[in-house]
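A short worksheet on the structure shown next.
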Amino acid sequence: MFSSSGRILKRLAVLDFDHTVCEHNTDVVVRDLLGPGGVPPDVQSILRSCGWIPYMQRIFRLLHQNGFKPMDIASAIRGIPEVPGMKFCIGNLVRHGFDVIIISDSNSEFIRLWNDFNDIGSYIHTVFTNPARFDSGGLLELRPYHFQTECTLSSKNLCKGKILTEFLRRQHDERQVEYEKVFYAGDGKNDVCPMLRLGSNGYACARRGYSCHDALQGAIGKLDQPYVAKVLQWTDGHELHDLIWTELED
């Protein structure tokens, strides 16, 4: 299908990862391998003073120093269950012509491990997240996706709204792809920025029972202009799938 301008007309689903695709927070699951009291106060202070990325890099060093191997970390990630119905949702969207991308403040190694183990890696068009890799000694090295200070709704290492805007621009300008519908699904406060950037063809899908919905409503209330995207709530992948198809049929 083509738009009036001759561009390829498609639909896009944008997904957060932790608590949206997989049921738990990948960083917390791996951190908890250290056990109760395994994170000393000086490491906790890194979180308060320097932010999440330096904190998790120190956690990965602690795991390495305590003898945890890449296979131990991989096993923990692979053991995280899916948000019920999410693998079905992703697969069916792709089979019906959707592009599906992930924008996450997790890291590339965790997302790759989980997606490949759950046989959904081939469905994902692109993953935007903090780069990570195991070095030759088995230490997981983590870097920020980018450094930004212009968006106060996002962490310095990753603004999901900026990533989404740039992805849409590249698809439009470089690949001649225009998205007639954009569904963004997430659970956290860091999903508010991209949701606020959605246009009249956009759907902000906030997971029920998490912080995203209330934070989004609060942000909408402070806007200078009307919010034109539609806000939806979902509990699991089955409900999200049904909501998307209901909107497409209207």
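Heads up, the Cβ atoms here are built off N, Cα and C, so glycines get one too.
Note that TrEMBL annotation is computational and uncurated.
According to TrEMBL, the active site, nucleophile annotation covers Asp16. The Mg(2+) binding site feature in TrEMBL is assigned to Asp16, Asp18, Asp187. The feature active site, proton donor is assigned by TrEMBL to Asp18. Positions annotated as substrate binding site by TrEMBL: Asp27, Asp105.
Put simply, Asp27 (substrate binding site) is 9 Å from Asp18 (Mg(2+) binding site) when counted between their Cα atoms.
Reported as a whole number, the C-alpha separation between the residue listed as 'active site, nucleophile' and Asp27 (substrate binding site) equals 14 Å. Sequence-ordered, the extra residues of this chain that approach the Mg(2+) site, with Cβ no more than 8 Å from the Cβ center of Asp16, Asp18, Asp187, are Phe17, His19, Thr20, Val21, Ser104, Gly186, Gly188, Asp191, Arg207, Tyr210. Proximity of Asp105 (substrate binding site) to non-local residues of its own chain (separation of 6 or more, Cβ distance below 8 Å) is seen for Asp18, Trp52, Thr129, Asn130, Ser155, Asn157, Leu158, Lys160, Asn190, given in sequence order. Geometry remark: Asp27 (substrate binding site) versus Asp187 (Mg(2+) binding site), CA distance 16 Å.
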